[in-house]
Amino acid sequence: MINILLNGCNGKMGQTITQILKEYPHIKIAAGIDTNAVKFKNDYKVYNEIMDVEETADLVLDFSHPNSINKIIEYCVNKGIALIVATTGLSELHYEALSKASTKIPIFQSANMSYGVNVTVELCKNAAKILGKDFDIEIIEKHHSEKKDAPSGTALMIAQEINSTLHNSLEFIYDRHQKGTRKPNEIGIYSLRGGTIPGEHTIVFAGKDEIIEVKHTAFSRKIFAEGSIKAIEFIVGKKPGYYNMQDLLKEMIISNE
Ligand SMILES: NC(=O)c1ccc[n+]([C@@H]2O[C@H](COP(=O)([O-])OP(=O)(O)OC[C@H]3O[C@@H](n4cnc5c(N)ncnc54)[C@H](O)[C@@H]3O)[C@@H](O)[C@H]2O)c1
Ligand SMILES: O=C(O)C1=N[C@H](C(=O)O)CCC1
């Protein structure tokens with residue numbers, strides 16, 4: 001049995017995970033944490049504050065807000081348990097804190113828990129290696145109207161991965177208003193917000209007289225929850241370190257061979 005603490009349990013992802021975990025008897029939510037005391041029919045106790053949690057657990061799964069990162073890092077390091085961070089909108093300081101903590105505990109961080117998006121990243125990196133010099137690359141992301149951060153963590157992750165294959169030569173542009181003509185070393189990242197869109201990312205490779213688009217569409221939040229379950233199974237028993245979806249996929253490929 002794997003026992004988890006679910007940070008942000010009363011949010012959209014917290015509730016999606018609560019529902020999906022009912023189909024996985026080997027993973028139990030020992031307790032939830034949420035600053036919003038709204039009463040859902042959770043079959044686990046919900047705390048306002050992680051430091052007050054009395055239940056023991058193997059790890060913390062976080063789908064909340066960047067304002068809780070420092071506290072959950074402190075909690076996991078003190079307890080010597082693993083941490084999975086799916087929250088987006090993190091700052092450089094948050095990443096530094098996660099990296100420091102990963103010398104003591106296993107940390108899994110991914111702006112997108114779906115397999116599909118992580119395969120999309122690989123496709124785009126390969127395309128960028130071949131087309132990067134001659135094609136202009138731009139990213140368009142669409143999400144629901146309640147999303148707090150922009151651009152999405154996924155769009156930033158895709159841009160960073162593409163940039164790393166192009167020797168970090170790209171300048172990130174988030175807004176073209178009054179910017180003038182596009183420069184060849186730019187990568188544009190644009191956000192649309194509306195309705196209940198669970199998530200859509202389109203990566204455009206625009207060349208002379210031709211265009212390639214790589215697009216991933218999430219039809220529901222279930223894909224992020226299913227990926228989180230794989231991340232839970234992956235991180236349990238791991239040595240301290242900083243892990244991500246690529247590590248999980250590599251392990252899956254090896255076990256499938
Ligand atoms: N990595 C992924 O695959 C993935 C997928 C979906 C969403 N997300 C990210 O997960 C986060 C949550 O998304 P959501 O759609 O569930 O948002 P949401 O706003 O519906 O839920 C967030 C929940 O966190 C709670 N919360 C806020 N501050 C908190 C704190 N300090 N401590 C504990 N709880 C706190 C809120 O009360 C709320 O219930 C966002 O950052 C989002 O971008 C990541
Ligand atoms: O609904 C959200 O919020 C999502 N956030 C992640 C992001 O910022 O990339 C993943 C997709 C859904």
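Just so you know, glycine gets a Cβ as well, placed from its N, Cα and C.
Copied over from TrEMBL:
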- His143: active site, proton donor/acceptor (ACT_SITE)
- Lys147: active site, proton donor (ACT_SITE)
- Gly8, Cys9, Asn10, Gly11, Lys12, Met13, Asp34, Ala86, Thr87, Thr88, Ser110, Ala111, Asn112, Met113: NAD(+) binding site (BINDING)
- 2-113: domain 'Dihydrodipicolinate reductase N-terminal' (DOMAIN)
- 116-249: domain 'Dihydrodipicolinate reductase C-terminal' (DOMAIN)
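Working note on the recorded positions Lys12, His143, Lys147: by count of other C-beta atoms within 10 Å of each C-beta, His143 ranks first. Proximity to ligand 2 (Cβ under 6 Å from any of its atoms) holds for these recorded positions out of Lys12, Asp34, Asn112, Lys147: Asn112, Lys147. On the 0 to 100 pLDDT scale, the model's mean across the domain 'Dihydrodipicolinate reductase C-terminal' (116-249) is 97. Listed in sequence order, Gly14, Ile33, Asp34, Asp62, Phe63, Ser64, His65, Ser68, Thr87 are the same-chain residues at least 6 apart in sequence whose CB falls under 8 Å from the CB of Gly8 (NAD(+) binding site). Neighbour counts of Cβ atoms within 10 Å were taken for the binding-site residues Asn10, Thr87, Ser110; the minimum is at Asn10. Neighbours of Asn112 (NAD(+) binding site), defined as other CB atoms within 10 A of its CB across all chains, total 26. A helical conformation is recorded for Lys12 (NAD(+) binding site) in the three-state DSSP classification. Across the domain 'Dihydrodipicolinate reductase N-terminal' (2-113), DSSP classifies residues as 39 helix, 28 strand, 45 coil. For Asp34 (NAD(+) binding site), the Cβ neighbour count at a 10 Å cut-off comes to 21, with all displayed protein chains included. Sorting each residue of the domain 'Dihydrodipicolinate reductase C-terminal' (116-249) by its DSSP state yields 48 helix, 36 strand, 50 coil. Put simply, the two farthest-apart Cα atoms among Gly8, Cys9, Asn10, Gly11, Lys12, Met13, Asp34, Ala86, Thr87, Thr88, Ser110, Ala111, Asn112, Met113, the recorded binders of NAD(+), are 21 Å from each other. Between the CA atoms of Ser110 (NAD(+) binding site) and Lys147 (active site, proton donor) there is a gap of 17 Å.
Of all the binding-site residues in the list Asn10, Lys12, Asn112, the shortest Cα-Cα distance to the residue listed as 'active site, proton donor' is found for Lys12.
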